[in-house]
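Engineer: Straight from TrEMBL, here's the annotation block:
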DOMAIN    30-134  domain 'Sulfotransferase'
BINDING   Arg44, Ser52  3'-phosphoadenylyl sulfate binding site
Amino acid sequence: RDLMPRTLEGQITMEKTPSYFVTKEAPARISSMSKGTKLIVVVRDPVTRAISDYTQTLSKKPDIPTFESLTFKNRTTGLIDTSWSAIQIGIYAKHLENWLLYFPIGQILFVSGERLISDPAGELGRVQDFLGLKRIITDK
């Protein structure tokens, strides 16, 4: 809490950390700081997300195993290795269960990463509505 900026009456303080959603301890810590916190989670198609994660890692470590060998426990049966972090992060329902222990679903907005690209004004309109803000960001 000490690292957060002071918020005056009528102001909204925002903080962005991608790893919060998948960090087991985060919901309890955030809830203890403020039970009224509204959460915005940007999600992507889990397969696209895993491929993106892999390509970013590959650009830094070109000698890593192939995407397929990391993804599948058994290619013949199609069994996925859910222990690989690139897959683990995209199992949104698993992470959501932990958040729902501390926050009602009405305090969580899921934003589509794909729609942020294809219709940014529409998706940001949803965010503004969720936060109770006047719609300032529009398609204009």
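Heads up, the Cβ atoms here are built off N, Cα and C, so glycines get one too.
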Engineer: Inside 10 Å of the Cβ of Arg44 (3'-phosphoadenylyl sulfate binding site), count up the other Cβ atoms and send me the figure.
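Structural biologist: Total other Cβ atoms inside 10 Å, all chains included: 18.
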Engineer: Going by DSSP assignments with H, G and I as helix and E and B as strand, what are the residue counts for the domain 'Sulfotransferase' (30-134)?
Structural biologist: 58 helix, 15 strand, 32 coil
Engineer: Neighbour count, 10 Å Cβ-Cβ cut-off, for Ser52 (3'-phosphoadenylyl sulfate binding site): what number do you get?
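Structural biologist: Within a 10 Å radius of the Cβ of Ser52 (3'-phosphoadenylyl sulfate binding site) lie 14 other Cβ atoms.
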